[in-house]
Every structure is written in C-alpha cells, then in structure tokens.
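Since the structure comes first, as structure tokens, the remarks are kept for the end.
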Amino acid sequence: MKRLTILGSTGSVGKSTLTVVRNNPDKFKVTALAAGKNIQVMAEQCLEFRPQYAAMADEVSAKELRQLLIEQGCKTEVFFGEQAACDLAALNDVDQVMSGIVGVAGLLPTLAAIRAGKQILLANKESLITSGRFFMDAVAKHNAQLLPIDSEHNAIFQSLPEVIQRNLGRGDLKQYGIANIILTGSGGPFRHTPLEQLAFVTPDQACAHPNWSMGRKISVDSATMMNKGLEYIEACCLFNASAAEMEVVVHPQSVIHSMVRYQDGSVIAQLGTPDMCTPIAYAMAYPNRIASGVEPLDFYSLGTLTFSKPDYERYPCLKLAIEACHAGQAATTVLNAANEEIVKIFLQNGISFTDIAIINRQVVEKLNLSEPQSIEEVLQIDNLARDLAIKTIRSFIR
C-alpha cells in the first residue's frame, strides 16, 4: 500500500486525487493533507480519510480546523504555514507526494519532497516554469522520481520510451528516434468569438471551459491559452526538448491529450475522456494501471476530431510564453508571477480580458533580468515581477 501526502487537497487536483484513493482503498493510504484556507472541505476530507496530519496556510484556519475535528472525534494533528507543508511533503513514512498547490506557493513544499527522495506527482507546473534547471538537478541529486500530472505532459510521458520516462529532463529525444512533441490544447471557450468582443468577456464566461472541470485561475489561463504556453515551458524542461522539437496544435475536442512524433513517421498519442482522474491514477499506480473511475472513451459517439494551428492574434499569451521559454528562466519566472497577479485582478472584474496579455507583455519586456543562480534568486525575481505587475495593473483598473 502506498502512503500519500496531498499538497493542495481542497483544490481541483487534490479532490480528484482523493477520488482515485476512494476507488482504490486497498492500494493507497492518505497520511497527510495540506491546503490553503478552505476549512470546511479540509474538515470533510479529514473525517473521511483520517490522515495522521493536516496543514492549513495560516494559524486562524488551522485553529478552526483543529476545533472542528476535535468536536467530531478526529485525531488528525493540525499544523499551519509553509514550513508545515514542507514537513508533510518530506515525512519519512510517505511514499508519494501529490504536488497540487497552485502557483509558486507550491515550489518550496515540492522541493522538500524532492530532497526527501519521494515519488512526486507533479501538478504544480509553476515549479518547473520558475525553477526548471534547479528543480531537475535536485530530482537527479536526491534520486527522487517525477511523474507529470498535467493531462498533456502525462500523455507525452505515456507515449515516450521507458528509458526517457526514467530519465526526465536529461534524455536525448533524437537518440531515441523522436522527431518532436505535439502539445494539444482545446483553444478554450473563445475560439470563435470575434476578436473585438474579447474585451467584454466576463470572469464567469472565461471560467466556463467547454471540456474540463478546473479551478478559476487555470480556467482563465486556458481561455487566454497562457496555460498552453506554460505547459510548453514545462514540456521543454521535462522532456529536454528544443524549440524545433516542440509543436502546439489546437484540438477543440480534448480527446487526444498530446502526441509524440517519431522519426520513422509514426505518431503515438494518448486518448481519453477529459477527466483529471485518468492521468492522476496513471501516475499514482506507475508503472502499473488501476481503476480511475472515469467513463471509458466511446469511439462511436466521438464524431469528428479536428486540429488547427494556434492563432497568435487571438492567443497573444501563448506567443509570449513561447518567447519567454527560449529567452530563459528569468523571463519565464517573470511571466508566471506577473500572470498570477494579473489574472487575480481580472477575476475580481478589475481589468478586461484583453488587458491580461497586454500587461503580461509590458512586465516581461520591462524586467530584463540576468539568469537566476539559485532558488533564492528565483524567488527574488518572482517578487520583483509581482510588484511591477501590481504597479502596471493600476493604470488599467476599470
């Protein structure tokens, strides 16, 4: 039985992870849960799965959770703060760590799991976007194992030879006959919206993804295709891919989750119903297979699968992310931090949908920084980018 810490248990990925545990109670034991401030959901999870430990982001939330659990006779020990999340990620009696905290807040707990030599189920793409080189070096140094959870990277992982699966970030794609990696994306809910109407898109409209059930921040990133741009950066890092070895394809049906094209002309793809429980179950059981609880793909009802090139006029955030990827780690860190702050204000109705790309580009172009030489420098760049993004946003506030 594998013992599990879930970082970000009350979020979308965390809930899906617990669904897989629920469907496979003989294979997994939840040892620890960590979350932000969603006390009610965390309490429900603790009462159902009875973890030994739980952590909340702040002392007030932890105190309320502790009281709720005591009243229900639950003996879960409750802690708070970033260090608590790091400690739970590195527990001696844990085998797997689900890294599901959204944003750069997930970086240090994920690194703690790596330094403890854990098997890391990586849903926190920001860890690679901001700290890719240091992150992958730490994985190798501490003999940790990385398994990607994003549906696209999980699909690519499944389509690669085992020798690359077990040597992420270091394998030579060409040596193993791989021509390029094909990253698919739905294009979000505004593929056909007239460009002049995009400025009037509301947060609720941007969060209504046609295929996937996700959190609000990642739903907005999907609508701008920033999410695909961040996944492009992550894929280059995970699979040691150059610009010439990467391709982005818009695939509205979200049935093919990504592909690998080989030098002999073969293309290997991973298909499935759009549900995060599938890649999560794959990673949790790797190299075996278990029930995910997801409805099997019905080929008779699929209809037509379509593909097109991304329109950079419609998706300027995708173009910016690809440019940042090949500019270096400082640029990707700036972009990620700025985008988090910008999307936060958009979700509060503070700026327009089209302002997201404009402000992101302004921040990236203004902050032309040298490459970071440590995690500490990455976090400094992150803070600088957030400060500049917040200042820049002020002139756009409606």
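Cβ coordinates are placed from backbone N, Cα and C, and glycine is handled just like the others.
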Check Swiss-Prot for me: it has ASP150, GLU152 binding Mn(2+), so pick out which one of GLU71, GLU77, GLU231 it puts in that same site.
GLU231
Just to be sure I read the record right: THR10, GLY11, SER12, VAL13, GLY36, LYS37, ASN38, ASN124, GLU126 are listed as binding NADPH in Swiss-Prot. Which of GLY185, GLY187, GLY188, GLY215 is listed for the same site?
GLY215
1-deoxy-D-xylulose 5-phosphate site partner of SER151, GLU152, SER186, HIS209, SER222, ASN227, LYS228, GLU231 (as recorded in Swiss-Prot), chosen from LYS118, LYS125, LYS174:
LYS125
Any idea of the Cα spread of the NADPH site, THR10, GLY11, SER12, VAL13, GLY36, LYS37, ASN38, ASN124, GLU126, GLY215, as a max distance in Å?
22
By a 10 A CB contact count over all chains shown, which of the binding-site residues listed here is most packed: LYS125, HIS209?
LYS125
About how far apart, in whole Å, are the alpha carbons (Cα) of ASN38 (NADPH binding site) and LYS125 (1-deoxy-D-xylulose 5-phosphate binding site)?
22
Name the secondary structure element type, per DSSP in three states, that contains SER12 (NADPH binding site).
helix
Are there any residues at least 6 positions away along the chain from GLU231 (1-deoxy-D-xylulose 5-phosphate binding site) with a Cβ closer than 8 Å to its Cβ? List them or say none.
LYS125, ASP150, GLU152, HIS153, LEU183, GLY185
Counting Cβ atoms within 10 Å of each candidate's own Cβ, which of the binding-site residues THR10, SER12, ASN38, ASN227 comes out highest?
ASN227
